[in-house]
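As recorded in TrEMBL, the features of this protein are as follows:
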type     : residues                                                                           : note
ACT_SITE : A:CYS130                                                                           : active site, acyl-thioester intermediate
ACT_SITE : A:HIS237                                                                           : active site, proton acceptor
BINDING  : A:THR11, A:GLY12, A:MET13, A:VAL14, A:ARG39, A:SER40, A:SER160, A:GLY161, A:ASN311 : NADP(+) binding site
BINDING  : A:ARG101                                                                           : phosphate binding site
BINDING  : A:GLN157, A:ARG230                                                                 : substrate binding site
DOMAIN   : A:4-121                                                                            : domain 'Semialdehyde dehydrogenase NAD-binding'
2 protein chains.
Amino acid sequence: MSYNVAVVGATGMVGRKFIEVLEERNFPIKTLYLFASKRSEGKTLKFKNCNIIVEELKEENIKNKKIDFALFSAGGDVSKAFAPIFAKYNALVIDNSSAWRMDPEVPLIVPEVNPEDIKDNKGIIANPNCSTIQAVVAIKPLYDKYGIKRIVYSTYQAVSGAGLQGYNDLIQGYEGVSPKKFSYPIAGNIIPHIDVFLDNRYTKEEMKMIDETKKIFHDEDLKITATTARVPVFYGHSESINVELKENFNDINEIFDLYKNTEGIKLKDDIDNLVYPMPVDCAGHDEVYVGRIRRDFSVESGLNLWVVADNIRKGAASNAIEIAEYIIKNK
Amino acid sequence: MSYNVAVVGATGMVGRKFIEVLEERNFPIKTLYLFASKRSEGKTLKFKNCNIIVEELKEENIKNKKIDFALFSAGGDVSKAFAPIFAKYNALVIDNSSAWRMDPEVPLIVPEVNPEDIKDNKGIIANPNCSTIQAVVAIKPLYDKYGIKRIVYSTYQAVSGAGLQGYNDLIQGYEGVSPKKFSYPIAGNIIPHIDVFLDNRYTKEEMKMIDETKKIFHDEDLKITATTARVPVFYGHSESINVELKENFNDINEIFDLYKNTEGIKLKDDIDNLVYPMPVDCAGHDEVYVGRIRRDFSVESGLNLWVVADNIRKGAASNAIEIAEYIIKNK
């Protein structure tokens, strides 16, 4: 069995990664369709030795293609406008923007965490925010075994999370060129500001982490706070995660054993040999790297974790494709 | 009145900054003496249009100089060996290494926070760790007004904190040269490992932040945890600080008013105009920059802060010199 797949926003950073990961994972594709804005119409992108022509995103280009899966990464406005159109023609949309994530009708999915929610979809499934995905993969085994009282997130997010121009701002920043995507130079700097500021003084990125984590665990009572910052790293978000558990663990080895046996996680914690998760190592991989695991002695049952993942792969393209794979496998 | 001042470790990054800050603040110097290891003997360094010759650090070069203040930044072993010798000849040692910080006989001082402890010195005063200094300056007004239950620190620390070679590792890292100071490339990377690992799985840097904060506030019951990470930034440590207060505040403006009126702090929090603390702005300044102030809704009385300071100035040289200035002023 193979499927007609559309990539929407094909020329962007995540769009290109969709194409690369589809090829790499040998996703069962019948025909691959690429969509972008009118500006990119006619460009060609490579997929398995074929040059595929990018089509303009408009209804008449969608309706007769019998698309099974539409992978979206074209910004919130495009998703709002076009996801329902793809759904109308019986495609299942997996959307990487924030447009649908908090919609109660739309499941927000990380396959290792809440695949059971996929069945509630009405044609649209939302991919969580990059910083949320890796966090919830790391938290899930703790949540299931001990319960979680409270989480404090502090993030160290790569520039590629801001797309091609974010990436270029860092490269060109080293040459003294002023940034175009970021409000300030990011080379040699840390910018504690991702996405817009909200009335409660948090950034939208911080509230995404808080709200999406609660939605994915179906736990409105979960206590969470977050600080998100942009760092001069190309690929790979790092997160300092402080967790207060409901039930205590006996020994830190219990936590190690838990992570050793969790799908989608690569345990990188051998401090004697200086093994811990780092962006340069995780880039190009789909696992979430977990390390620096240690008891937090400031509360009765606390843990500190250091969690790193490739923000464009597991944080975006790979997670979306894993959702599609899960659906195919469990049909 | 003027004083004989010695800089020990004069050729290092902090040593050079001592000389620069002494000149800049017009510290009342009679004679400035520069000491370093035998290797640097005979080198000259500039101070106020004079070329000062670096002398080898040995007792016979110390004993007849009637040194009033000895500013040390030459590593823990040198401090252990030579601070008592300077003290024997009636110099007051202000030491930037970790050698004496946790010694119960040695006060650990940040002038804005616990200047009253200076009087207990027996010839040696310790300068806290760079990451601790800026944190306690930011926490002090909250501690005094509301009391503090618990702190969660996550740091983003500049390479200059690892000295000249740390700095060079970042510069040369962009050209693909392997690091000499750090265990892994720091250009485009985050290394969640500063100083050595301890048996409790924390790094020594993390335990410094925890233990030194408790000592400075004379509060062994303070609950603190910390994660420290090295980031590809030249100057300026950033810290995501989550604080749980003992008493609640009414309104976030109360916290703003508090910081507006605190000596040593520069409030940088005007999110409508994208004003928040960043390393590129704080470099070259002695204040601790505080911003991103917002209520932490996950606990009854919590706050998130983003705190940035120049790690070589306020985090090291300037703090030590401010200690000496305080002593002179309060004689």
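Just so you know, glycine gets a Cβ as well, placed from its N, Cα and C.
Remember, TrEMBL labels are computer predictions, not curated facts.
Overlay of TrEMBL feature records on the structure.
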residue  : record                                   : CB count, 10 Å
A:THR11  : NADP(+) binding site                     : 19
A:MET13  : NADP(+) binding site                     : 20
A:ARG39  : NADP(+) binding site                     : 10
A:ARG101 : phosphate binding site                   : 22
A:CYS130 : active site, acyl-thioester intermediate : 28
A:GLN157 : substrate binding site                   : 25
A:SER160 : NADP(+) binding site                     : 25
A:ARG230 : substrate binding site                   : 28
A:HIS237 : active site, proton acceptor             : 30
A:ASN311 : NADP(+) binding site                     : 30
What are the helix, strand and coil residue counts for the domain 'Semialdehyde dehydrogenase NAD-binding' (A:4-121) according to DSSP?
38 helix, 33 strand, 47 coil
Give me the Cα-Cα distance between the residue listed as 'active site, proton acceptor' and A:GLN157 (substrate binding site), rounded to a whole Å.
4
What whole-number Å value do you get for the CA-CA distance of A:SER160 (NADP(+) binding site) and the residue listed as 'active site, acyl-thioester intermediate'?
11
Do me a favour and check the Cα-Cα span between A:THR11 (NADP(+) binding site) and the residue listed as 'active site, acyl-thioester intermediate'; whole Å is fine.
19
Consider each pair of residues in A:THR11, A:GLY12, A:MET13, A:VAL14, A:ARG39, A:SER40, A:SER160, A:GLY161, A:ASN311, all listed by the record as binding NADP(+), and report the largest Cα separation in Å as a whole number.
26
Would you mind reading off the Cα separation of A:ARG230 (substrate binding site) from A:MET13 (NADP(+) binding site), to the nearest angstrom?
17
Average the pLDDT scores across the domain 'Semialdehyde dehydrogenase NAD-binding' (A:4-121) and report the rounded value.
97
On the three-state reduction of DSSP, what should I expect for A:SER160 (NADP(+) binding site)?
helix
Top Cα neighbour of the residue listed as 'active site, acyl-thioester intermediate' in the set of binding-site residues A:ARG39, A:ARG101, A:GLN157, A:ASN311:
A:ASN311
Distance from A:ARG39 (NADP(+) binding site) back to A:ARG101 (phosphate binding site), taken between C-alpha atoms, in Å:
27
Secondary structure of A:ARG230 (substrate binding site) (DSSP, helix/strand/coil):
strand
Using DSSP, would you call A:CYS130 (active site, acyl-thioester intermediate) helix, strand or coil?
helix
Taking Cα atoms as reference points, which of the binding-site residues A:MET13, A:ARG39, A:ASN311 is nearest to A:GLN157 (substrate binding site)?
A:ASN311
